[in-house]
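Everything on this sheet refers to the single structure shown next.
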């Protein structure tokens, strides 16, 4: 799952469940008038478009660069999420700039986590707007969510806390629907070593610390994506159109400093054309795509844009800056078992049988992602790392690192069975940027996540690896672990192991970050998500998050989008 990919992955497919209704076949089918034009049908664009078109008098067009999934098993089967990337039709296959702290190497699998209360309250503090704090955001997390029972029907007592979940939203969330051979060992370890590895029944209550059951973006055994917001009933709305396979190049001004004109590439004629939104353009192109479009539109650092030959229109130096991402590395052990995913991958007949089982009944191991348990943990409060560097986490109840407990590897091996524990630094201090070096808006941007550029981050990862090894030293694993394959024990050896093997966890945020109303020295959007200094342009995606939560980021983006929809409705009197 976390092998050292040579690409930076951002998905470009809508993953629509059908190709009827309001999914247009060509630009010729466009209407002459739209209130809102949304760029991108990921978590931000899908949720906002759905909520805005609840009012039949509001018309919305989505321009999506990707295509429909055409019922692709690779997309729909939860356990096949590891095959979606890299170098597939479903991602952009961007590469990063060489990462000096990863020995110059070039460098999300359905897990649903929200982060800590402190993570979300930090948003409120950074924006000086209480509506972005935990208490006000929790209803939006719940509004997007459709928690559903696991397909195997087992008793899920102490596997989630229903009072913190929504059951009537669009995005399916569930706990595992098939047991793994290591499940009991993970739980037993929390009983043997409760001080260091306490059990928590739900990591999504805002109190995230501990070892618990994975909650994943799964709806009755099927992967739940942003396309879940486009049910047949939603697609039947006459006021929502979606145009696939359409790349946006720039956002252009019309009048009164209003950036409400979309320039896009006509996929049939190969020429650039314009569309105008009567009210707003909403950028939901993601942490990489959104700043790239802004920069090519002349919105960014004026000095840098001028040097590239792009006419600066709005000087916003923060565009593309503050790119923040999680980084992690896997520890792997050879184990005394044949009941791991490695056995499945080496046996084509067994793999096919399990896939047919999923197709026929939505049961079996394919109904889940690649792990049934995870952990969010902190360094000890008296840690020399924290004394030396300070605490990069949002607070003392926020994790420094995460574990995913995987019963086997996600790539085929010739022999052996394995336990794999990816350790992720979920409170990194390092940051990077998204920039451009071309006037061609369809050239790939320069992506520099700046991984491990802050020294504290490698110290946290080093301690995370050591903590993972202490986890499997519990008696629960005494007859299971055969050999440690990390082959690193000293600080220097572990650090070199990290630099040679660590990868992005593909959770980038903050390249169009929110800052308080009236603030001009940093930030790209105000707390209402309007691009500063212009009219008619808003951003709704992961790029607006002012800081990275200690969590997989899809849940946060759905909540941001639900909140954004209410902000927009209120602004135009739709509520």
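From the backbone N, Cα and C atoms, a Cβ is placed for every residue, glycine too.
The active site, proton donor annotation in TrEMBL covers 507.
Note on residue 552 (active site, proton acceptor): other Cβ atoms within 10 Å of its Cβ, all shown chains, come to 27. Annotated active site, proton acceptor per TrEMBL: 552, in sequence order.
Using a 10 Å Cβ-Cβ cutoff, residue 248 (FAD binding site) registers 25 neighbours. Annotation comment: TrEMBL describes 108, 109, 110, 111, 248 as FAD binding site.
The domain 'Glucose-methanol-choline oxidoreductase N-terminal' annotation in TrEMBL covers 286-300. Averaged across the domain 'Glucose-methanol-choline oxidoreductase N-terminal' (286-300), pLDDT in this predicted model comes to 97.
Feature annotation from TrEMBL assigns signal peptide to 1-21.
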| CB within-chain contacts under 8 A for residue 111 (FAD binding site), separation at least 6 | 214, 215, 216, 217, 369, 371, 374, 404, 552
| message | To the nearest Å, how far is the Cα of residue 110 (FAD binding site) from the Cα of residue 507 (active site, proton donor)? | response | 12
| message | Going by DSSP assignments with H, G and I as helix and E and B as strand, what are the residue counts for the domain 'Glucose-methanol-choline oxidoreductase N-terminal' (286-300)? | response | 11 helix, 2 strand, 2 coil
